[in-house]
Amino acid sequence: MAAAKPENLSLVVHGPGDLRLENYPIPEPGPNEVLLKMHSVGICGSDVHYWQHGRIGDFVVKKPMVLGHEASGTVVKVGSLVRHLQPGDRVAIEPGAPRETDEFCKIGRYNLSPTIFFCATPPDDGNLCRFYKHNANFCYKLPDNVTFEEGALIEPLSVGIHACRRAGVTLGNKVLVCGAGPIGLVSLLAAKAMGAAQVVVTDLSASRLSKAKEVGADFILQISNESPQEIAKKVEGLLGSKPEVTIECTGVETSIQAGIYATHSGGTLVLVGLGSEMTSVPLVHAATREVDIKGVFRYCNTWPMAISMLASKSVNVKPLVTHRFPLEKALEAFETSKKGLGLKVMIKCDPNDQNP
């Protein structure tokens, strides 16, 4: 009697509010791909947004799509042209893989390629499933002292690393991080690891600010009904001078305004959080003080640095994980994330290994 084929249980969004656990066929890797047995996948705000609204901006769910892009797993099969990986390797997955070598790839900014494959961004499937295939060049071996969960958290950490690179964070900088959600916290971690001397984190939530303090914020500032200018003054008071760098992770108009007012003349503000399409900001104030305003879109060339940070214990992402669920309870996990009950909710995809 033949052994039963393993199931490929997958979490699939069909449209706004329609989330299902379904069995998909186990994919066959192409020549430059690897088949992975998934282990840990974090829930991102974008996953919840696609479930709730069926779209993010111009990216619309038009057909069933597997969610998940913060992920790690184990190689179980390699394509014919893959040489750097073999079955048994533990890997972290970079979800954005170029489909072609276009002008952006040639200059190393493949995250800007309009044709890039990106997990769980329509129409591309993600990896919240038992088995998943991916471009082998965007799967990175994990050192023995880096856990699967840490490997999955390289994705959000990469957002923080890319933001800090775009902002030019360097030794001795004073940094303002607006927002103490997962992206604000990884930006804090990245800034400290890259040499920031002092970091202040702002948020509305006392509990989130408490977590920011736990993971390394030098100062925290709870926002209530202050004006942007008043917030900027408080930030300056905490740091002793204006921060050279502001990392704006909320996308909220008043927070962006406060960030511009707070940033030191000649400094840089990076926009990580995305809010309304049109936003009113004190542009003349920024221009006359030469405050550079830069956009941040995902990341590029960050996985090797992130792995080194984790392996050397320069950053500790473990406190970010507050809840864990097996894949079979993914719907409950998403409800937990939607209600804001957890900071980072992790789904364990391997029924035989639920360890971090």
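Just so you know, glycine gets a Cβ as well, placed from its N, Cα and C.
Over in Swiss-Prot, the protein carries these features:
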BINDING   Cys44, His69, Glu70  Zn(2+) binding site
BINDING   Tyr50, Glu155, Arg298, Tyr299  substrate binding site
BINDING   Ile183, Asp203, Arg208, Val272, Gly273, Leu274, Val296, Phe297, Arg298  NAD(+) binding site
MOD_RES   Ser210  phosphoserine
MOD_RES   Ser224  phosphoserine
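Across the structure, Ser224 (phosphoserine) and Cys44 (Zn(2+) binding site) place their CA atoms 26 angstrom apart. Val296 (NAD(+) binding site) falls within neither a helix nor a strand when secondary structure is assigned with DSSP, and so counts as coil. Here the candidates are the recorded positions Tyr50, His69, Glu70, Ser210, Tyr299. The one whose C-alpha lies nearest to that of Gly273 (NAD(+) binding site) is Tyr299. Under the DSSP three-state reduction, Ser224 (phosphoserine) is assigned to coil, being neither helix nor strand. With a 10 A radius on its CB, Ser210 (phosphoserine) counts 13 other CB atoms from all the protein chains. Across the structure, Glu155 (substrate binding site) and Glu70 (Zn(2+) binding site) place their CA atoms 5 angstrom apart. When the alpha carbons of Ser210 (phosphoserine) and Val296 (NAD(+) binding site) are compared, the span between them is 26 angstrom. In this structure, the binding-site residues under consideration are Glu70, Glu155, and the one with the smallest number of other Cβ atoms within 10 Å of its Cβ is Glu155.
Taking every pair among Ile183, Asp203, Arg208, Val272, Gly273, Leu274, Val296, Phe297, Arg298, the residues listed as contacting NAD(+), the largest Cα to Cα separation comes to 24 Å. Here the candidates are the binding-site residues Cys44, His69, Glu70, Arg298, Tyr299. The one whose C-alpha lies nearest to that of Arg208 (NAD(+) binding site) is Cys44.
In the three-state DSSP classification, Ile183 (NAD(+) binding site) falls within a helix. According to DSSP, Cys44 (Zn(2+) binding site) is assigned to coil rather than to any helix or strand. Annotated pair Ile183 (NAD(+) binding site) and Cys44 (Zn(2+) binding site), C-alpha to C-alpha distance, rounded: 10 Å. Its own atom aside, the Cβ of Ser224 (phosphoserine) has 6 Cβ atoms within 10 angstroms in the protein chains shown.
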